[in-house]
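Reviewing the structure listed below.
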Amino acid sequence: MGQTNVTSWRDFVFLGFSSSGELQLLLFALFLSLYLVTLTSNVFIIIAIRLDSHLHTPMYLFLSFLSFSETCYTLGIIPRMLSGLAGGDQAISYVGCAAQMFFSASWACTNCFLLAAMGFDRYVAICAPLHYASHMNPTLCAQLVITSFLTGYLFGLGMTLVIFHLSFCSSHEIQHFFCDTPPVLSLACGDTGPSELRIFILSLLVLLVSFFFITISYAYILAAILRIPSAEGQKKAFSTCASHLTVVIIHYGCASFVYLRPKASYSLERDQLIAMTYTVVTPLLNPIVYSLRNRAIQTALRNAFRGRLLGKG
């Protein structure tokens, strides 16, 4: 008998953490700690920027939306993963898997476009500082944020439709800890070559288009920095971009490795490690690398806590 389509009545089952009970408990404690730090750090960044009028600038506007996007991304994946590590149900319904893939892909794509918008903001700040206020006006900033979110959701929807348009075979065990495109695609019946190509093209478009704008922005930024006569001035100008560059390199490096490879090169252990970095570690780097080293953010956080404590008193 041939393989049968069972997606209408059977759930998917995650096998990403089919290890010993002691190791699962250790992983649960580790990922719960990382998740709580990630969640609270990003929420604090959003609150600090919202409460401090000195941070109502385009750069911090984009940063707050990036923190919001990262928070939503982790909310769609990590709580479900922690439940599995704690001994909860490892099954997820067909609709639940599709929803998880849609939201995780949408937020991941949105992050790419927000990072591109942040790169453009740095370009205007360094290359045209006298016209920064007029160029980066509220209307343009709102358009960049809305476009990032809408485009991210369109690409996320496209990837989800490509995957769940396929028929799935009797094997319904996902060798992963969430419904990501490569492991779910590996469960499909028949020739998945065309679908694999479509996913590759969609991923390539997201990464290339956003990374192209970042590269162009930094090419102009580098040229402007090299024209600064003093080494101190060059160092100060570059320091405003260093955190953004760090996040870009890690974000795009992990995403390219996961999504821009053919199905034949999929490796369970290696891809789970990269996915862990992309899902758990990268969202934590945003507040640490990009924000918590920023004196303005630190001051805003202190003022917010001080105001709250005084209000209680």
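Cβ atoms here come from the backbone N, Cα and C positions, even for glycine.
Record features (Swiss-Prot):
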| type | residues | note |
| --- | --- | --- |
| TOPO_DOM | 1-25 | topological domain 'Extracellular' |
| CARBOHYD | Asn5 | N-linked glycosylation site |
| TRANSMEM | 26-46 | transmembrane segment |
| TOPO_DOM | 47-54 | topological domain 'Cytoplasmic' |
| TRANSMEM | 55-75 | transmembrane segment |
| TOPO_DOM | 76-99 | topological domain 'Extracellular' |
| DISULFID | Cys97-Cys189 | disulfide bond |
| TRANSMEM | 100-120 | transmembrane segment |
| TOPO_DOM | 121-139 | topological domain 'Cytoplasmic' |
| TRANSMEM | 140-160 | transmembrane segment |
| TOPO_DOM | 161-197 | topological domain 'Extracellular' |
| TRANSMEM | 198-217 | transmembrane segment |
| TOPO_DOM | 218-237 | topological domain 'Cytoplasmic' |
| TRANSMEM | 238-258 | transmembrane segment |
| TOPO_DOM | 259-271 | topological domain 'Extracellular' |
| TRANSMEM | 272-292 | transmembrane segment |
| TOPO_DOM | 293-313 | topological domain 'Cytoplasmic' |
In the chain carrying Cys97 (disulfide bond), residues 6 or more apart in sequence that have Cβ under 8 angstroms from it: Phe12, Ile174, Cys179, Val184
Closest-packing stretch to the transmembrane segment (140-160), where packing means Cβ pairs under 8 Å, from 26-46, 55-75, 100-120, 198-217: 100-120
For the topological domain 'Cytoplasmic' (47-54), sequence-distant contacts whose Cβ falls under 8 Å of one of its Cβ atoms, 6 or more beyond its ends: 60-61, 63-64, 296-297, 299-301, 303-304, 307
Cβ packing number for Cys189 (disulfide bond), 10 Å threshold: 15
Leading contact stretch, 26-46, 55-75, 100-120, 272-292 vs the transmembrane segment (198-217) - CB distance under 8 Å: 100-120
